[in-house]
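Next up is a structure, given as structure tokens.
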Amino acid sequence: MQIFVKTLTGKTITLEVEPSDTIENVKAKIQDKEGIPPDQQRLIFAGKQLEDGRTLSDYNIQKESTLHLVLRMRGGMQIFVKTLTGKTITLEVEPSDTIENVKAKIQDKEGIPPDQQRLIFAGKQLEDGRTLSDYNIQKESTLHLVLRLRGGMQIFVKTLTGKTITLEVEPSDTIENVKAKIQDKEGIPPDQQRLIFAGKQLEDGRTLSDYNIQKESTLHLVLRLRGGMQIFVKTLTGKTITLEVEPSDTIENVKAKIQDKEGIPPDQQRLIFAGKQLEDGRTLSDYNIQKESTLHLVLRLRGGC
């Protein structure tokens, strides 16, 4: 069959191929026609970079399909992938490679299917559609490879309009990961999402298992009012912390934000406003705490009551 290869200069090359040809074969044909070495070629189809060892039929490339040829920047780089067994894999990548591409390279080297791979960098699980540069992964960075437990689970997310979204997740997924999955499905930016479970707002850095969210649990999605506000928290040392909050945030949420900023565990925090100690389950609006209000933070004595 014939396929077309379009270059960034707008030139279109016609190739005679078979569905069983590998991407490597196709690059060799391009080299024969155009003189471009295969290791400088990147072929893109349907927005996806094609891996050498796969075939045209693997990517559902049919007659008269058009591939896009991008010249590989001579700024390819090496990164390392460390497995839980302690083995380190070296990969040749580019900043523009997607996480999906990286998983395909790992599959080529190690035989682990991409859907069983979870890649972690700087404590964050990497999402397939993002690129290495999105996560600021640079040359000689080390990613961590965790095998996905078979036993991923479904959860439901219910919106205020009554729509229910089904998500495939794992207990170890962070709330941040879940918001990214909702963005992929619904297009809602994570910073506009608030997720509620068992009456509690879920914090980005925590995992589903931290909140005991199990298979077929239902979370509630509330869109963040673009009326978030700033408040101040003053410590006994005189330091003032600025927090982004909403009137509907609970005192517990505020303590979690303080922990994220200052590292002080919530159970050691006492928050005072207008001479009154604030209770975890109440909200800022319950106490009439408004924008630019100042709370006072007192550290709870260990063993105090």
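Glycine residues also receive a Cβ, built from the backbone N, Cα and C atoms like all the rest.
These came from Swiss-Prot, pasted as-is:
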type	residues	note
SITE	Arg54	site 'Interacts with activating enzyme'
MOD_RES	Ser65	phosphoserine
SITE	His68	site 'Essential for function'
SITE	Arg72	site 'Interacts with activating enzyme'
MOD_RES	Gly76	ADP-ribosylglycine
DOMAIN	77-152	domain 'Ubiquitin-like 2'
MOD_RES	Ser141	phosphoserine
DOMAIN	153-228	domain 'Ubiquitin-like 3'
DOMAIN	229-304	domain 'Ubiquitin-like 4'
In sequence order, which residues at least six apart in the same chain have a CB under 8 Å from the CB of His68 (site 'Essential for function')?
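Correct list: Val5, Lys6, Thr7, Leu8, Leu43, Ile44, Phe45.
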Give me the mean pLDDT over the domain 'Ubiquitin-like 3' (153-228), rounded to a whole number.
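Averaged over the domain 'Ubiquitin-like 3' (153-228), the predicted model reaches a pLDDT of 85.
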Just counting, how many other CB atoms are there within 10 A of the CB of Ser65 (phosphoserine)?
17
Please work out the helix, strand and coil residue numbers for the domain 'Ubiquitin-like 4' (229-304) from the DSSP assignment.
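The domain 'Ubiquitin-like 4' (229-304) comes out at 18 helix, 28 strand, 30 coil.
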Between Ser65 (phosphoserine) and Arg54 (site 'Interacts with activating enzyme'), how far is it from one CA atom to the other, in Å?
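About 16 Å separates the two Cα atoms.
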Does anything in the same chain, at least 6 positions from Arg54 (site 'Interacts with activating enzyme'), have a Cβ under 8 Å from its Cβ, and if so what?
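Long-range Cβ contacts: Thr22, Ile23, Ala104.
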Can you name the residues of this chain that are 6 or more positions from Gly76 (ADP-ribosylglycine) yet have a C-beta less than 8 Å from its C-beta?
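Spatial neighbours, sequence-distant, of Gly76 (ADP-ribosylglycine): Glu92, Val93, Glu94.
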